[in-house]
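Student: I grabbed these lines from TrEMBL:
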- A:470: active site, tele-phosphohistidine intermediate (ACT_SITE)
- A:846: active site, proton donor (ACT_SITE)
- A:576, A:632, A:760, A:781, A:782, A:783, A:784: substrate binding site (BINDING)
- A:760, A:784: Mg(2+) binding site (BINDING)
- A:24-66: domain 'Pyruvate phosphate dikinase AMP/ATP-binding' (DOMAIN)
- A:67-368: domain 'Pyruvate phosphate dikinase AMP/ATP-binding' (DOMAIN)
- A:438-518: domain 'PEP-utilising enzyme mobile' (DOMAIN)
- A:533-884: domain 'PEP-utilising enzyme C-terminal' (DOMAIN)
């Protein structure tokens, strides 16, 4: 027969591994049993398992005799251990009842304390404690809590009654109420409960207990709990355990106390006890903030210059017990612990322990320190760090001490902080930056035309667009802080004035952006520079040793390449060539090419672009010497390159000699309803082969020059975008091979290179087996693959994606974290079919997901060879890849 | 050992079924063997199998001794049968060599006649035939043909020499050349060949033969043949056979003749011999059109009022032989045959027979007649008709006798013909139509706002957009003739003037459109009405008895519903509710709803739309009494409903009381970069549930009213569009169920209904197993599924889809015929996973592909329950579904 109840504390000993198994006794219950078993002072108690919860939810509240017998026996264990009887009017045992699921989960039933009190037992508590006020205060607290969390009554009714009572007496604070006052209030509370319930407040301790047990179970299916589970992907079938534990009191006078503590400093990671306590108080008082808690250690009190004595000074014995517990716990759990304790009349009792939350910096320091201390091994250290938390360490951050005047909060689109003078267009950004000014580029939204301005700027602020808008993606790629979608911002481009709420922002005014929080601040706020040495470097070295997948970067400028190499990138996974086309010096040649009426016209314009592209690639190959470089041939719709305003049309008319009407007509002809699904990617290469021919020529000529000059030949991996059929790749691979042959003949040198494709359309994933006949590598372009698989335009998703995530339709923004169950199927299938055709095919991912830990774990599972992330995400990807490899 | 050579004719008898197997001996060879085996007069010959071709292509021209022995023996069979020897200078055997693949395939080697002639044998031929001119003419023809098709020399060289010779002699026509002239020309032809080849023209008949055999094999891999195969999806591994046959001569005087014939009239299907012949001529002369061919029968000659005697009159014996052959062939092949024959000195020889091409009308008549004659059964009759050919019969067609002035040719976007007065906007179309005018709506392109004008118009002409543009899809749905993408057309909307080439077209001018050919004609061209009775009705009845899948229609007006029922629709597969929103009387309420700032504002506007929607549905339910009706809730992006020009903004400002600036700002806010992937479909239902609530209420109220009034309850199938996750369907199904409950309570009646979804996103297909937990039916929306799977926007595809089809990247426009290997995988997977979860799930297809026979065959294979097509495609779908079922 399944055992549903496990005891802990006192002389309870169980070899049953289920007792300490979180899936059976929940996180809290398992840790209490664990602490008790290693000899720590835990008030005796018992846990009813999560399995019983599941049974209850399926079958209802028909607790059978077997369970009742188990509970009775477990209650007997508590009674025996503390020497009190449950419901004994002379000296009653009181218990707490708490929920406790496998993982910490808000939304379920909170604590009920002092259970077991009634009109009789309160007398016994009064007598035994010798403190009548304490007894009645405890009783009224119990009625209030139980009515709220178990009986579901409106807690406002009780608070109101308390307030009226205080007003009547002219009291300001609860502590002013006397034992008699509490007695009167207990009577009133009972009357309220009886009125609301239609029957008296339960007096029978056993009825109280079973009511609380049932309330815990039922709370698993509360609306709040369900929402939380959906958002956090917690299965509804887990259920929660119930923990029933003998009460201990931190409010039994000056030898009693209660506190919370961390075994190390959770902010810095320093190896120093860290925490707060209050004398003569119950747990809730520490959190409630009515009294100011005191420091745990003398050192901390000194450092803070506080008056109230530390626990080390005020209760040296109890503190000594606590310090020993700290060490025991760290040795046992091999991690920093977050603890709740109570001292009852000089005796320390442990109420909870769990792994403590910490800052990124502290996490790093503790992980590295603990390896040094021999507590954990390197693999454990690696798995302890949340890769995303590294983000905090990679960018300059605002000095937390500095004053800031926050004007509005947009989306934290690209982390880091930056201050600079506001400009409203990309050209001004560039001009001002060239003369040494720090500028913030402020736009309604950015377009590929703004790239040079974004590069020039220290930070980018947009009024529209989401976390994956053009501004956000490009900014993350460049490592520029960015706040996007700041909807309170409006811009009048003509007069070069912005407005956020009541504040007018003129060109040249100084703003500060915090891309990690989305805050937009007036004036300059001082920043702190990141440090990538010490613990950081040590941990990354360990991670690199453990990971299987390579980590590349998405980069297209020498500066980005340099930075990415510093961050540890092992090649380029995605070099987008279109950004090179937007350079101010080239855009008119590009436009000339697009607007040409025939192939000859296009070739003339392309001839002007060739030397420029060659020098781009040369710079990149030089920077990435010895590493693979994946270059994607031109991808976006041609109309993106077209002139936008009157001035640009006029300028172009002058250069090309075409009339403005002619140019406008051509631009209209190139307009597309859904450019994302339009004439772009390899469709350009098929219809205008001369464009790809020029790019291939530039790549091979540059590669050969670098090979000759440096003696180290780069291996260009030429990537054909937006392929949906084998035939497209066949045609364009033949084109690239032809150009390669021509260049090799002309230069009298050959070079190794690969031709492959992006898998970014569902059809490409489905047909990967055939496509692999032509392609030497696949790079999963999960940005576009997500757009097409889900049918969601990234640029238009803001209007519905937030409500979607809120309603649990997608657990997370699928452009931030890969939709594994949907898009993931296509990635897996594409990888499998590609490998079936070509076992040594090189597989990578170059969407934004290449920098997302959950997505990276998936890539490891599918067996990709590398992930490619924007430069600032490279360290995150290295760590995430190591964790994924360790898990596999 | 594999037999590579099969003989036919004479006393050749073979029980080997491979001899008459098209996959072994090719279409031509198998039919020759077949004809010979049933006793028809076939000149003796042999076929080298396709397998030898495959071997040749793999191993090269190393013909082994075994093959040479087989060929020698087969040649012996011919020699023995005709009593002549190959290469005999006294009385030479001459042969023809032809290619012949499994299916007729242009691009391969053409015929070589008179092979075996050389400087010696030409003398023998001269003597034996008693016609020196005939012999030398035959020799020069052979050199010319062999040099061209076997030796690959430029045939222009020979033609030039012939022209010069004629000029020198002052001849106008070939027939004027004498035997001496031909002799001289043969000398010159040989000189040309020797000069071009670098060696003499081959004199050895055996060398000639093997050269021709090799040329046939090699021609299988010619560029032209490869392109044809790719476009027609013919495997490259099939290979071609070679047919070598004794020559017979129709040009041996007035008792010789040559002709082509059909066993029935291929234009009308009448059971009457039909064909042409020429006395004293070779096959090529009939086709070349130098002489006017004569009729076969006296009846045909009389009917045409021709002078030249018919074969029936001129050669009664040979005609008698031919008539017997016709009957034998029809009885044997049980189909109308297309025949080539030669009469050599009074004796009839059959050179070819094959199933004959025919018009749609003839195909129908022949199929039905042959069932009546007991020649074929109903299943065979059904399989004989190309479903797409029915299209010709379903629409009014232009009188082929009438004069027409074609201005330009656009795309044949929706079949049928229409004449009417030109209007350039939808409102004018409606106004003019209301006063009884036939109008042609002429637009650059259409948008959903034009729907009322398209309905009012007799035909639609657009300057832009492809076969699946908005105009094309909607026009096909409505059964309106449409010519789209007429790029020669330009329109000046302001002055209401169009221009096609040099012709100016003013509002009110009359145009005629032929939507089946794409022709645009000036003035009215008379039309002929279709007849859907007689043979058509008979065949459709047979088809309905054979098919498994139901055929529904895509319709949203009572008129369309009525027409679709006449065409045999068995329900509605897709009723798009958005078209109802564009009605002039409602659009302002719709706009008010969209522009409302909050839910309350939207609900006020929706309350106005409710009675309108209810009456729409009532009319449809009434029309479709007793049949299922699938209604798709609102799908398109809201901004499609927004005002476009100044006038519309002003009008709306007046109605709503909002300022124009406010309205423009709201319209801007609703702008989307890729509306196809934007805020549409169920995303509207999730973010603005009140819209779907109104629609559900209208549906249930209408259904109950119709049930009460007619006593026959409709079964609404409510379809949630653009679902990608189970959760979306879960939320919206709950919404529909809630409204159903409310309406049922209010009316005191209940009703059966289903809630299901469109599978139109790759993710939906992938997650179909989960989604089926919520959905009672799936309708595969293959239009959008194709767009997302291929990453191609239908509206933008014109610029690259044509080059794509030309280069064989897609075999056909994937919006016209389902991309079975790509998109088909998702349909199959979606169907499988859906059925795994819910075995009785109802599965259908409602994309444009529901009317395409190849796609319908796929739907049968996957096991869908129904296809849904636009009304005019319903008969096509019925026939195609029957054919698919018969094949399965």
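Keep in mind that glycine also has a Cβ here, set from the backbone N, Cα and C atoms.
Those TrEMBL annotations? Automatic predictions, nothing curated.
What's the neighbourhood like for these features in this structure?
Tutor: DSSP classifies residue A:470 (active site, tele-phosphohistidine intermediate) as helix under the three-state reduction.
Sequence-distant contacts of residue A:846 (active site, proton donor), defined as residues of its own chain at least six apart whose C-beta falls under 8 angstroms from its C-beta, comprise A:552, A:554, A:573, A:574, A:630, A:758, A:779, A:780, A:781, A:782, A:868.
In the three-state DSSP assignment, the secondary structure recorded for residue A:760 (substrate binding site) is coil.
When secondary structure is read from DSSP and collapsed to three states, residue A:784 (substrate binding site) falls in the helix class. Cβ environment of residue A:784 (substrate binding site): A:676, A:722, A:758, A:760, A:761, A:847 lie under 8 Å away, each six or more residues apart in the same chain.
Beyond the domain 'Pyruvate phosphate dikinase AMP/ATP-binding' (A:24-66), the same-chain residues lying 6 or more positions past its ends with a Cβ under 8 Å from any Cβ of the stretch are 1-10, 12-14, 18, 74-75, 77-78, 81-82, 95, 98-104, 210, 213-214, 216-217, 220-221, 237-248, 321, 325, 328-329, 332, 347-354.
Residues belonging to the domain 'PEP-utilising enzyme mobile' (A:438-518) score a mean pLDDT of 86 in the model.
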Student: Look up residue A:632 (substrate binding site) in the DSSP assignment and reduce it to helix, strand or coil.
Tutor: strand
Student: What is the one among the binding-site residues A:576, A:632 whose Cβ has the most other Cβ atoms less than or equal to 10 Å away?
Tutor: A:632
Student: With DSSP assignments reduced to helix, strand and coil, which class does residue A:576 (substrate binding site) get?
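Tutor: Assignment for residue A:576 (substrate binding site) reads strand.
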Student: Within the domain 'Pyruvate phosphate dikinase AMP/ATP-binding' (A:24-66), how many residues are helix, strand or coil going by DSSP?
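Tutor: Counting residues per DSSP class in the domain 'Pyruvate phosphate dikinase AMP/ATP-binding' (A:24-66), I get 26 helix, 4 strand, 13 coil.
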Student: In the same chain, which residues outside the set A:576, A:632, A:760, A:781, A:782, A:783, A:784 have their CB within 8 A of the centroid of the CB atoms that define the substrate site?
Tutor: A:574, A:635, A:721, A:758, A:779, A:785, A:846, A:847
Student: Max Cα-Cα distance in Å among A:576, A:632, A:760, A:781, A:782, A:783, A:784, the residues listed as binding substrate?
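Tutor: So the binding residues stretch over 15 Å, Cα to Cα.
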Student: Counting across all protein chains present, how many other Cβ atoms fall within 10 Å of the Cβ of residue A:783 (substrate binding site)?
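Tutor: The answer is 19 other Cβ atoms.
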Student: What whole-number Å value do you get for the CA-CA distance of residue A:470 (active site, tele-phosphohistidine intermediate) and residue A:783 (substrate binding site)?
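Tutor: A Cα-Cα distance of 12 Å.
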Student: From the DSSP assignment alone, can you count helix, strand and coil residues within the domain 'PEP-utilising enzyme mobile' (A:438-518)?
Tutor: 18 helix, 29 strand, 34 coil
Student: So which of the recorded positions A:576, A:632, A:781, A:783, A:784, A:846 end up next to chain B, with Cβ to Cβ under 8 Å?
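Tutor: Sorted by position along the sequence, the hits are A:784.
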Student: Neighbour count, 10 Å Cβ-Cβ cut-off, for residue A:470 (active site, tele-phosphohistidine intermediate): what number do you get?
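Tutor: I get 21 for this one.
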Student: Name the secondary structure element type, per DSSP in three states, that contains residue A:846 (active site, proton donor).
Tutor: coil
Student: Other than its own, how many Cβ atoms are within 10 Å of the Cβ belonging to residue A:781 (substrate binding site)?
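Tutor: Within a 10 Å radius of the Cβ of residue A:781 (substrate binding site) lie 26 other Cβ atoms.
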